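Some features that Swiss-Prot has for this protein:
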type	residues	note
COMPBIAS	42-51	compositional bias 'Low complexity'
COMPBIAS	69-80	compositional bias 'Basic and acidic residues'
COMPBIAS	82-97	compositional bias 'Low complexity'
MOD_RES	SER62	phosphoserine
MOD_RES	SER117	phosphoserine
MOD_RES	SER118	phosphoserine
MOD_RES	SER120	phosphoserine
MOD_RES	SER166	phosphoserine
REGION	1-101	region 'Disordered'
REGION	112-131	region 'Disordered'
MOTIF	126-148	motif 'BH3'
TRANSMEM	187-207	transmembrane segment
Amino acid sequence: MSSHLVEQPPPPHNNNNNCEEGEQSLPPPAGLNSSWVELPMNSSNGNDNGNGKNGGLEHVPSSSSIHNGDMEKILLDAQHESGQSSSRGSSHCDSPSPQEDGQIMFDVEMHTSKDHSSQSEEEVAEGEKEVDALKKSVDWVSDWSSRPENIPPKEFHFRHPKRSVSLSMRKSGAMKKGGIFSAEFLKVFIPSLFLSHVLALGLGIYIGKRLSTPSASTY
């Protein structure tokens, strides 16, 4: 049986500079940092008889070999856990913190609530406009049905009452120009009337004298 001295490497440390607040690496087991462990190695004769001849006794694993096997398992487990912790730390640094998640969710909720409030205000304004339009239409119909017929007002002209005209020959139709009693007609009618009377009177006197003379001559 030959022994070899093997230097056990120190367990890997997680040096993650990006995550200062991440999980710290596990401390190495005590007594393994730069320690030398004696590993018993069997001679490669190929059969058990050679081992029995060389050693003379059956090989019994020593406490150091058992301790070395346990340490190897512990080192492998520690390396595996350190890898998992490093991956968790990187994912922890990459993923947002719960506070940031809550802040993002709160911002999203505030944005959605603002959108809903703006939409609700717009809907209320539109509803009020529709109600006002309906009221105006109803008022217009009521006014149109209650008012009188659409007839333009008449223009009123104030006229003074006619005065009673006094009777006079001057303003009559006969006294007007071309009438019976007009000035031109009277200027012609009166002289002709006078001459006709004079002629009739002279003719009557003459006829009377003629009749009286024969009767006187007969006596």
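Here the Cβ of each residue, glycine as well, is placed from N, Cα and C on the backbone.
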Item to check | Number of helical, extended and coil residues in the compositional bias 'Basic and acidic residues' (69-80), per DSSP | outcome: 12 helix, 0 strand, 0 coil
Item to check | Integer mean pLDDT for the motif 'BH3' (126-148) | outcome: 72
